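**Q** Below is the structure I would like to discuss, written out as structure tokens.
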Amino acid sequence: MEFAELIKTPRADNVILHRPFYPAVEGTLCLTGHHLILSSRRQDNAEELWLLHSNIDSIEKRFVGSLGTIIIKCKDLRIIQLDIPGMEECLNIASSIEALSTLDSVTLMYPFFYRPMFEVVEDGWHSFLPEREFELLSSVTNEWRLSYVNKEFSVCPSYPPAVTVPKSIDDEALRRVATFRHGGRFPVLSYYHKKNGMVMMRSSQPLTGTNGRRCKEDSALINATLRAGKRGYIIDTRSLNVAQQARAKGGGFEQEVQYPQWRRIHKSVERYNILQESLIKLVEACNDQSHNMDRWLSKLEASNWLTHVKEILTAACLAGQCIDREGASVLVHGTEGTDSTLQITSLAQIILDPRCRTIRGFEALVEREWLQAGHPFRLRCAQSAYSNSKQKWESPVFFLFLDCVWQILRQFPCSFEFNEHFLIMLFEHAYASQFGTFLGNNESERCKLKLSQKTMSLWSWVNQPEELRKFKNPLFEANSLVIWPSVAPQSLQLWEGVFLRWNRSSKFLDEAYEEMNNIIEYNKELQAKVNALRRQLAELETDDGMQENS
Amino acid sequence: MGTLYLTATHVIFVENVSETHKETWILHSQISSIEKQATTVTGCPLLIRCKNFQIIQLIIPQERDCHDVYISLIRLARPVKYEELYCFSFNPKLDKEEREQGWKLVGLNEEYNRMGVPNNYWQISDVNRDYQVCDSYPTEVYVPKSATAHIIVGSSKFRSRRRFPALSYYCKDNNASICRSSQPLSGFSARCLEDEQMLQAIRKANPGSNFIYVVDTRPKINAMANRAAGKGYENEDNYSNIKFQFIGIENIHVMRSSLQKMLEVCELKSPSMSDFLWGLENSGWLKHIKAIMDAGIFIAKAVAEEGVSVLVHCSDGWDRTAQVCSVASLLLDPFYRTIKGFMVSKYGYLDGDPKEISPVIDQFIECVWQLMEQFPCAFEFNERFLIHIQHHIYSCQFGNFLCNGQKERRELKIQERTYSLWAHLWKNRANYMNPLYREDHSQTQGTLLPQTAPCNFLYK
């Protein structure tokens, strides 16, 4: 194992740890292959810090005399400081941390070494398979089939082995359509709207190029989702200009001539690389302690983060409206179909489908529309807001999606089975985790790495009743509504639970949440009592009745 | 589509929809401005902006009618005499006793007793019993024990509008107090022995500290400009044992413009996120809220943590002083976070001219709301309570907020001729309760110290 080589100094004493909300504490620092651990000198030798190396974005070293300081900036936006006596020790530890937090090989990551402390009742790797989802679908419609054309990942490397396509389209046709779409991502079913039978499909851009290449199987595929005489909408997440320019590189958009029954709408959503810059600026603004009111709002505005939130929510509402209000089917795509496309299809389902607002429904959504759909998590979540890397693959695409879900959750506090903590937990695990769920860029990679055999699934842990309890929303009242979020600027707030999490204590808000929980629990108890007493009363009344008659 | 009615007190719009006949009532006193907009094909639009930030657009088919309505509303919305105000004609059909009881619900003297005065350090002075010393102060004022009538009168002559330092809040745990006044007429070099003695008296009333803070809530520039007019601020050289502090809160003109800009932002049709955030920052509204909050925190910390008394003033000791003292007492004393307590705090501090449009109330209410957002368990009342109070301050339906002080209120016989808002709210208090509030909750105890980093101020 290479870890031992990377760790220059496995241990240092008299290290002082500074972290948010706790007073500085002194203890012994240990470096393992996967963690940074600080145990304090308190009686119980408690671990004050247990940090995954993979959670580290970047570190800074500073020296004052012989006292070295390492400032660790984490992907979950926490900033931690370690004061290490002795310059050489400090340097060794710093370079060890740097090496350990920038490991290339996936198989060296912690999920491959993690041994769960809990009993695995449900194997999360098999909880949300395409077969299961398809079963649910076939109970309401028989116009679709599950195709295994991609079971060797040879037709589309970023798709799962099984995809849902219209029944009338055979595998041969799918193979041809795959050659016509960027990265082989031919249109597949994303969502079926029970209320009116309309569907949402997603894909990548068509490879029309400058010659206006066409593919009749592609038109046939998406036309198969249209009802007789009805039109569909294609939502292109690029502006018309960008879509047109894409032709020069072999890409393009669906020409009206080839797709006469489809109306194309360009709803521009920012590309993933812009999002990363946005995040960096926003986090900088939040960490700025200068307390100057004058610049706060303009810094917030300059980061554009909330503008992105607004954009995506608007696009998702548009897709939702086409399906629910216009009663039309929709095809969503951008360029690669792995980023903004997925943001929109998954958010549209939150709006349209109450099932996606339940805990299991949301987990299934993440599995379907993000993990199995091939969002490149390993590339996108390699670094977060404190990134100092020059690469352009990192981007908070999934994080932005979670932010949008939070916005809707805040506007409709009774419509979600899960609470904010659930979303924050997903944010954390997407970037660094002991579970293998978010490793890999697509199902093909996950198969090759044998993740389902060698690592534990996040869902196995989350879905244990004791854990779920923390993530349940006490205000939840199941409803079957389509919920339309407001995208007016006043309605969109900064997600303090994540962005200001380490800057100010949430103690009072937590207390309020607990109080709310208590009130609801108490209410339930009283309600149960009332029910029991009513039953008693009913019994007594029938007893009396019987006695009178006898 | 519907019918518009104008009565002596209201504008009423009744919808033509057959079953519901929904009515929209607007009090004339709620109207902030009326704008006649350009005639379109459908008719003449009339835009009514209300003081509770509601905006109504009426499209009147005939130009002539529109003009008539416009002229009428302009006249009705600007009452010339007090008697025209709604509160004098509002009749909720309560009998005389109920009306009296309503006014007795909240009383200044009970409040001072609750705080623990009069006592060894503070006394009630009746030097102003005929409003001879200061006509905008009540007949009974609370002053330090060592402040003789001579000192009070002398000090009042050295203060703008004769508003000498008087007790506003007393902390019985450590004897620290908050006093209010107006600015001293110090000019560049004037002195007044009695005024200096007055401040000494305040200091002596708190044996736990050997100095007091004097807080001027104006920006330094404004205070200095006042010196040229023979007014100004306390010179630390002349007043022994004071620590002087400017906490710049802008004046009413700046605030009005800030409010105006913010309303414009809110009225934007389909703004982008950038438009909104830029506009909000440009208005400076949240910056002012933060300034008021910071001032309140400074005073609260001085009293609760340092145990030092504070004298607060601005120019005339009305608006900014009141705001800042109210915020400070809210932070210090859990009593003011109850429904009863909040009504008391408003009663004691609101002396202002409602005929003037001032955002002071709106700012104070927003400060309270920001606090409620940071401390959801600490307040007995909810957001609706604040909104209703704000509504009624401008509605003039109740007599609580008329006039500049007790003297005018007595002259106009407010208590005999109008009804009290507090009684009305108290009766409906079930609607205003905050379910998360518990008296014994840790959040409700003691002093609140909110976070004032800019990111903590929400917009909603």
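Glycine residues also receive a Cβ, built from the backbone N, Cα and C atoms like all the rest.
According to TrEMBL, the feature domain 'Myotubularin phosphatase' maps to B:102-460. Sequence annotations record features per position, and here TrEMBL assigns substrate binding site to B:Asn251, B:Ile252, B:Cys314, B:Ser315, B:Asp316, B:Gly317, B:Trp318, B:Asp319, B:Arg320. Feature annotation from TrEMBL assigns domain 'Tyrosine specific protein phosphatases' to B:283-327. Residues annotated as active site, phosphocysteine intermediate in TrEMBL: B:Cys314.
What does the local environment look like for each feature on the list?
**A** Cβ neighbours within 10 Å of B:Trp318 (substrate binding site), excluding its own Cβ and spanning all shown chains: 24.
For the domain 'Tyrosine specific protein phosphatases' (B:283-327), the mean pLDDT of the prediction comes to 89.
Around B:Cys314 (substrate binding site), a 10 Å sphere centred on its CB holds 27 further CB atoms from the protein chains shown. DSSP assigns B:Cys314 (substrate binding site) to coil, not to a helix or a strand.
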**Q** I need the neighbours of the substrate site defined by B:Asn251, B:Ile252, B:Cys314, B:Ser315, B:Asp316, B:Gly317, B:Trp318, B:Asp319, B:Arg320. Which other residues of that chain put their C-beta within 8 angstroms of the C-beta centroid, in sequence order?
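**A** After dropping the recorded site residues, what remains is B:Thr217, B:Arg218, B:Thr321.
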**Q** Would you mind ranking the binding-site residues B:Asn251, B:Asp316, B:Arg320 by how many other Cβ atoms sit within 10 Å of each Cβ and giving me the lowest?
**A** B:Asn251
**Q** Looking only at DSSP and grouping its letters into three states, which state does B:Arg320 (substrate binding site) belong to?
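**A** The residue in question, B:Arg320 (substrate binding site), is helix (DSSP, three-state).
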**Q** Summarise the domain 'Tyrosine specific protein phosphatases' (B:283-327) by DSSP state, stating how many residues are helix, strand and coil.
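**A** For the domain 'Tyrosine specific protein phosphatases' (B:283-327), the helix, strand and coil counts are 32 helix, 4 strand, 9 coil.
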**Q** When DSSP is mapped onto helix/strand/coil, what comes out for B:Asn251 (substrate binding site)?
**A** coil
**Q** With substrate as the bound species and B:Asn251, B:Ile252, B:Cys314, B:Ser315, B:Asp316, B:Gly317, B:Trp318, B:Asp319, B:Arg320 as its recorded binding residues, calculate the greatest Cα-Cα distance and give it in Å as a whole number.
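**A** About 13 Å separates the two most distant Cα atoms.
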